[in-house]
């Protein structure tokens, strides 16, 4: 029966949305399971990805411990020019960080991916640059300029290699758990590379710096460069340089870069300088950076001058290799322990582990004997491990606190991390440059069999008093004020931030 025109109409009842039947749900669950399985990385892929991080760690470990000794005693460059070589190389690596990020983020995808071509393209040039860094040219007057150019080129190329390699983690798989697993493989391989670089290089060149080279020299005058020393350093350079093509080849064969759905980041996010202006105004980040500028510079000074101290300020020529390996093995093996300490006792408490090496370094300067040297090396490895872990553990807290205060846009986390690396490289450049210049003022004679008492005292100060003052200053800055606290932590976001970190012992 039709309703009268004046009668109120009943509200229309919408039909409920159709519910998916069991078969639809089954197909969805099967599809989700297939996607999950597709995101899993094979053991071979993870190992090959980790192998890609070995070459840079091999090279950086060898240069951290032995480059300064090579430049002073084999290339026989004046200490003032060695200071310029080390400073220029570190600055070149620091400046290359934002430049590499700028160009790589704006590169287009090719048949082999967007990041892999950068890794492959840098490999042959890195191989040649690393070999030339240890090659003794026939001319003598321009050796300082030669090694400055080679070291700057090597540091810049190593940065252009490392930045896309580290970013490759995000394009391996969409699964965060698998990314974290791949990062763990990478860190393990990088630690192995650090040990391999110092061990292989040290074993090959161990015969070039023994006391026997001065047995026939009666006066403390510059000695003629031994052909054996030149040959040994060239062999060591060739062996370690080969790790670049070998490891990169395995990386290319075993790892397939996934398409990046976001595409190049051109025109998106903040520029490096604009983001840097925001980050340096964030007080917790500024405090963290300044404190670790001192701490990381102290560690680099300790590493660089320990070999020189054992060679010229004590009778420990035969123990140089053992001392270096003790430091690295101690640092690698203690890393899991420090990770547990960080979680169990907190980050500020763990920071005091950095100053454990202070009294022992002073003890080595006062009592330079073999047993003391090995004890100092073991304790120094413990301090180095926590000094590398701590900043990468505190940075996510600082970034999360900043993100809660502001919403600046995408890409700022990368600027936090890249600017931290930029500043620490600059601090290392300044510390190594100034400290090497102090050897020139003390009267260091390049290639001399024995050094004056002033040089010996300077080396003792450089491995004892200088790192002590810098570590104490850095810890005092770090301990001022409360640690950044984030009320609500997003676990997936924290994992994303931590996947950007990288530990390096050199």
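Keep in mind that glycine also has a Cβ here, set from the backbone N, Cα and C atoms.
What you are looking at is a predicted structure, and each value in this text was computed from that prediction instead of being measured.
As annotated by TrEMBL, compositional bias 'Low complexity' applies to 1-13.
According to TrEMBL, the compositional bias 'Polar residues' annotation covers 494-506.
The region 'Disordered' annotation in TrEMBL covers 1-35 (among others).
Residues or ranges marked as region 'Disordered' in TrEMBL: 485-506 (among others).
Per TrEMBL, transmembrane segment is recorded for 115-133 (among others). Using a Cβ-Cβ cut-off under 8 Å and counting only residues 6 or more beyond its ends in the same chain, the transmembrane segment (115-133) has close neighbours at 52, 55, 59, 63, 67, 104, 107, 147, 150-151, 153-154, 157-158, 160-161, 163-165, 167-168, 171, 234, 237-238, 240-242, 244-245, 248, 251-252, 255, 257.
The feature transmembrane segment is assigned by TrEMBL to 145-172 (among others). Within its own chain, the transmembrane segment (145-172) has Cβ neighbours under 8 Å at 41, 45, 49, 52-53, 55-56, 59-60, 67, 71, 75, 77, 81, 84-86, 88-93, 95-97, 100-101, 104, 113-116, 118-119, 122-123, 125-126, 129-130, 132-133, 137, 139, 178-179, 182-183, 186, 251, 255, 257-258, 260, 499-500, 502, counting only residues six or more beyond its boundaries.
As annotated by TrEMBL, transmembrane segment applies to 232-253 (among others).
The transmembrane segment feature in TrEMBL is assigned to 288-308 (among others).
Look at TrEMBL and you will find 320-338 (among others) tagged as transmembrane segment.
Residues annotated as transmembrane segment in TrEMBL: 350-367 (among others).
Remote same-chain partners of the transmembrane segment (373-395), defined as residues 6 or more beyond its termini with a Cβ less than 8 Å from a stretch Cβ, comprise 288, 292, 295-296, 299, 302-303, 306, 310, 314, 316, 319, 322-324, 326-332, 334-335, 338-339, 341-342, 347, 350-351, 353-357, 360-361, 363-364, 416-417, 420, 483-484, 497-498, 501-505. Annotation source TrEMBL lists transmembrane segment at 373-395 (among others).
Among the features that TrEMBL reports, transmembrane segment is placed at 457-480 (among others). Residues 287-288, 290-295, 297-299, 301-302, 305-306, 308-309, 312-313, 348, 351-352, 354-355, 357-358, 361-362, 364-366, 431, 435, 438-439, 442, 444 of the same chain, all 6+ positions outside the transmembrane segment (457-480), place their C-beta atoms under 8 angstroms from a C-beta of that stretch.
Within the chain, the transmembrane segment (232-253) has long-range Cβ neighbours (under 8 A, six or more residues past its boundaries) at 48-49, 51-52, 54-55, 58-59, 62, 70, 74, 112, 116, 119-120, 123-124, 126-128, 130-131, 133-136, 165, 193, 197, 200-201, 204-205, 207-208.
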